[in-house]
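Enquirer: Copied straight from Swiss-Prot:
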| type | residues | note |
| --- | --- | --- |
| DOMAIN | 1-53 | domain 'Rubredoxin-like' |
| BINDING | Cys6, Cys9, Cys39, Cys42 | Fe cation binding site |
Amino acid sequence: MQKWVCVPCGYEYDPADGDPENGIEPGTAFEDLPEDWVCPVCGVDKSFFEPVS
């Protein structure tokens, strides 16, 4: 699964890990994250993320 990085702070969202502290189960693709999900480090929305190449 594609990893995504937060451009402002460098946090990397890995679908294999999810974001359990914020209710996101492991195995959740970035595209399947809720629209109101934000970076757990700096709080920006999904539009600030880019795919990791």
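For all residues, glycine too, the Cβ spot is worked out from N, Cα and C.
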Enquirer: Please state whether DSSP places Cys6 (Fe cation binding site) in a helix, a strand or coil.
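Expert: SS state of Cys6 (Fe cation binding site) = strand.
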Enquirer: Using the centroid of the Cβ atoms of Cys6, Cys9, Cys39, Cys42 as reference, list every other same-chain residue with Cβ within 8 Å of it (recorded Fe cation site), in sequence order.
Expert: Val7, Pro8, Gly10, Tyr11, Pro40, Val41, Gly43, Val44, Phe48
Enquirer: Would you report the average pLDDT that the model assigns to the domain 'Rubredoxin-like' (1-53)?
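Expert: For the domain 'Rubredoxin-like' (1-53), the model's average pLDDT rounds to 98.
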Enquirer: So how many other Cβ atoms are close to Cys42 (Fe cation binding site), meaning within 10 Å of its Cβ?
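Expert: For Cys42 (Fe cation binding site), the count of other Cβ atoms within 10 Å is 13.
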